[in-house]
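Presented below is the structure to which this report refers.
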């Protein structure tokens, strides 16, 4: 991992909960990442999660069935339109969802907000998210990092998922890493195989350090 430098500050209960936005194309592994983060962090932090789908609450259902968090701590939002609108241009539906969840769980440390699947131009409004994690997958081809777009170049952390599929799709992980560094500069990235939990600890370490959750 191209990791961020540790912070000497620490988030306390006097500060609002950390809001972590998770975006990326359909099928890249956003929901899987959210599930793994919740399961790994729920014993140390008070967590709630909000998922976005266009016409259903399928991701909410998947997280509930997987036991990521208690059902009442997962809220599904039906955006009814273009996914990026609900997290950027008009984030009101998600801001309202955050307010509702925090009214139920005022001691929450982290609010995870998963966007609906979208293209490389999707970004979170700073009103909605303090940290943004953007997930792409190797199956999309090794060229994805060099295509750019705000998700690739501006997210706080880029996750390159499904590294185990690289031999099957002819993707060179070294090329993807090199292109990622060219496109992102000093911004960190992590390569993951979420199904095998590979790289999850690096994502958690990033959230804790960048989100001022640890010394």
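From the backbone N, Cα and C atoms, a Cβ is placed for every residue, glycine too.
Annotation comment: Swiss-Prot describes 1-21 as region 'Disordered'. Residues annotated as GTP binding site in Swiss-Prot: 24, 25, 26, 27, 28, 29, 30, 31.
The Cβ of residue 24 (GTP binding site) lies under 8 Å from the Cβ of 30, 115, 117, 118, 122, 134, 135, 136, 151, 159, each of which sits 6+ residues away along the same chain. Annotated GTP site 24, 25, 26, 27, 28, 29, 30, 31; additional same-chain residues within 8 Å of its Cβ mean position, judged by their own Cβ, are 117, 135, 137, 161. Here the binding-site residues are 25, 29; the one with the fewest Cβ atoms within 10 Å of its Cβ is 25. Neighbour density for residue 27 (GTP binding site): within 10 A of its CB lie 15 other CB atoms from the protein chains shown. The Cβ neighbour count for residue 31 (GTP binding site), using a 10 Å radius and every protein chain shown, is 24. Sorted by the number of other CB atoms within 10 A, the binding-site residues 26, 28, 30 start with 26, the lowest.
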